[in-house]
Amino acid sequence: MLMAAAQKGYNSYSNGNRLRRLKRKVVGVGEAGGSGGGSGGAGPEAGGYSLLSSASRLSAAAVNNRYSQYVLSTLLRRKPAQRAAVERRAGERVPGSPGRVHAKHGHLHKQDAEVGDLNSMYSDSNTLVNSAQHNAYASSSSAASSVIFEDELTLLDSPPATIEEVAEVALPTASADVKNYIKTFNHSTARELGKSQHLHYYQLPFAWRENPFIINGYRFYSSHKRSFLSIVNWYGWHNETSNIWTHLLGGLYLIFLAMVDYPKSAIWNSDQVPFPAKLIVFVFLLAGMKCLFASMFWHTFNGTSILNLRSRFACVDYSGITLLITASIMTTEFVTMYDYKFSLYLYMSISSVLGLFGVFMNWSPKFDRPEARPLRIKFFILLALMGCLSFLHLTLRTSWKFSASLVVPVTKKSLGWYLIGVFFYGSFIPERFRTDYIVDKSIPTETELSSDLTILTRHKHIHFRPSPTKHPKSVKCCCHAHSFKSLWWVDYFGASHTIWHFFVVLGVIGHYHAILDMFAKRWIV
């Protein structure tokens, strides 16, 4: 079995000389070890290092995995003395630990339950991408499934920083395996924990991490029903509760404005206001509802353990923001350019195209990355500034006094709220000043998450802590962590994103009233 597994894994290598050397080592150990390696048992030493001991930890399917080939081949590249030293240090580090090196016998032991654990780790990626069900490799020892492949990595006393450094033995597509493994690391453990409790930041896989200043209260559900019930905190108050309800209540209020308030307004009941102008107010209110309810939808279901669904939910949220900004711009263009039909059609066409382009860009995987937050802010601001062009055009056609008087309601009732909200969104205030925990402010970039193995080896103690590190003030005084001034409460209410939500609602409602004022000045007064 060992020979078949190793043969299956090494057939993809192109270097003929290295292939023959590796084959000779595998054959030598297979002949010496007999069926013990094939059954997962211990095999004898070969040249100061038991190849069988490493190979026996990898099942046939795991050896066939490109990244497993990389780890095994990297071990084989080491000199015999280095291999023995690595094995000895690993055995001394965790003596008696199942599935790890035992220096006493010079080989590896493992329990039967660990045979499929490595496959389980890689099956997570398929589970994340394709379905909500976990495949048959997942077992009751899910915590161990996040550890098995780590052991292979820690056997490398000086692991390469990137996959490119071992390009001579790694397959061309090995970097994709590294990327998937790093980004979904600890997924099985997080999913098991998420069945009974909320998680802290350092228990989440990297792809689920966004704001390092929010430490506690993360949901990690494999059930959409549980996510839906979390709207009413069925499983306890979590860190998205306030975000959900700020936009849920805001969306319900917009429904009230559209169904009750606007039909009673002077604008709707006036014969002097053109019917297209009356309709565009409804268009704006619908865009506002879309934005707020899409945001509520995202914050309700962003705790899903299925990565591709989570990314799509985020895109729904960004698309709602884009449509709201586009509709806001078009209401301003309509009132300023109504007397200049060609300019009106031109501006509204450009805004529509930019809005559609923005929606398309929202669905790009790069747009949802944590490091893309400044890009998102700039994009939304630049899109909003398109509304200034029609104002400048009207100023050139008429006068500054007339154009300013026409659009001043927007600056007074809407624009200010949006700008204040953007400030909180981009600054992470107040949570960045919390003093109950020491916050890790360094989020690995997409490039690092695609190739830098040190994230899971040398720096694992930073990115995957058993518990958040207490701030010195909390260590000195145990009551500090629970005091109001430590800002522990930002995990559950009053964080920057919640404040941003609040000001967005004010901005939407303010823009609605600004539209009514502009239309009244334009056609009634």
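Each Cβ is built from the backbone N, Cα and C atoms, and glycine gets one as well.
In TrEMBL, the region 'Disordered' annotation falls on 83-108 of the listed ranges 5-30, 83-108, 109-134. According to DSSP, His299 (Zn(2+) binding site) sits within a helical segment.
Below 8 angstroms of C-beta separation, residues 315, 318-319, 322-323, 325-326, 329-330, 333-334, 337-338, 379, 383, 386, 389-390, 393 of the same chain, each at least six residues beyond the ends of the transmembrane segment (344-363), sit close to that stretch.
All protein chains shown were included, and the count of other CB atoms within 10 Å of the CB of His299 (Zn(2+) binding site) stands at 27.
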